[in-house]
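Shown next, in structure tokens, is the structure this report addresses.
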Amino acid sequence: MMSFALSEIIALVVEALAYGMYLILFFASLSVAFARRREKRGFSNKFLATALLLFVLITWHLAIDSVMLFLAYSTDTTAEADLYYINGTPGTLNVMKTALYVATTLVSDAFMLYRCFVVWNYSIPIIIFPTLCLLAGIGAGIAGLIGLSHTTTSFFIKDQLNIVSVFFGMTMATNGISTALIGIRVWRGQRQISGIVNGSSLNNLLIIIMESGAIYSAMLILVLALFLSQNTPGYNVVVDATSSIIGIVFSLIIVRIGLNLSVKSDGRAEDNHSTVLFNTSYTTATRRPPTDRAFELKLGTNVATGSRVTTVGSDFDSKDPEATGSSGRGVYLAQ
């Protein structure tokens, strides 16, 4: 069986590789954000703040993992390195590392829940159950950290079975339900305007949302399966990489929507737009309903060819296109 210390080496290598991919996507997402600001199309400050917070948490997590491994192998033998982890020698570092993982997961889940809330026109009943799941996850995370800070041994699976099972279960529920609700809202919006515009852009948006949720959910299922099977080395490898995977998924949404969701019949750029707005009970081509900021679709006509343009976007826009005269983008997932 793989030694504990060896699993930590493999875990750090996998985490570093995932972090490298995350770093590329993180800077690409910042490039998209600042490009939109230069073009005066705006970018949600909430999205940017969340991206920066996740970057700090994920980077800090990798740094602590590196320090712990260095301290473990500063001893003479692999057996002593195993004892370093098993006997809880890292102490505060171990608790801090786990706290950073819990914080990264909860920040990501909370923002997904916020997006769901905005997409559904700030409907409180829609988010009651996923909010309860998020709160249960927060409680389980705090309980796990308290238990870890008072134990004299390292983080053994068998000692934390119920708490960690609840934490991962609630995280899966929050993410899965929020992703599904966002997907349903976009799909319903697409059906409402199916007779007005080409729905391929909304299809692309729906695919991005569902793919992103599926990647994260699959990772959580793998972590939970390894945890319940009490495969400690395998669990260590996968769970350490999860923080970077969260960052990858978050940045990937920004990059893919920011760069790829512009569908036109002639394949050329266009910035002459009129606005079609829709929600569950209201559609107009002239004015925005004062209370609806969840969905917006932009239509335009290519002056040279007369072909129709459909542009769909996400929660990047921080300004009202009608108020500013900006061409903006549609299907607002957050504001």
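Each residue, glycine too, has its Cβ placed from N, Cα and C.
Remember, TrEMBL labels are computer predictions, not curated facts.
As written in TrEMBL, here are the features:
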{"type": "TRANSMEM", "residues": "12-35", "note": "transmembrane segment"}
{"type": "TRANSMEM", "residues": "47-73", "note": "transmembrane segment"}
{"type": "TRANSMEM", "residues": "93-114", "note": "transmembrane segment"}
{"type": "TRANSMEM", "residues": "126-149", "note": "transmembrane segment"}
{"type": "TRANSMEM", "residues": "161-184", "note": "transmembrane segment"}
{"type": "TRANSMEM", "residues": "205-229", "note": "transmembrane segment"}
{"type": "TRANSMEM", "residues": "241-259", "note": "transmembrane segment"}
{"type": "REGION", "residues": "312-335", "note": "region 'Disordered'"}
Ranked first among 12-35, 47-73, 93-114 for CB pairs under 8 angstroms with the transmembrane segment (241-259): 12-35
Dominant neighbour of the transmembrane segment (47-73) in 12-35, 93-114, 126-149, 161-184, by Cβ pairs under 8 Å: 93-114
Candidates 12-35, 93-114, 161-184; stretch with most C-beta pairs under 8 Å toward the transmembrane segment (126-149): 161-184
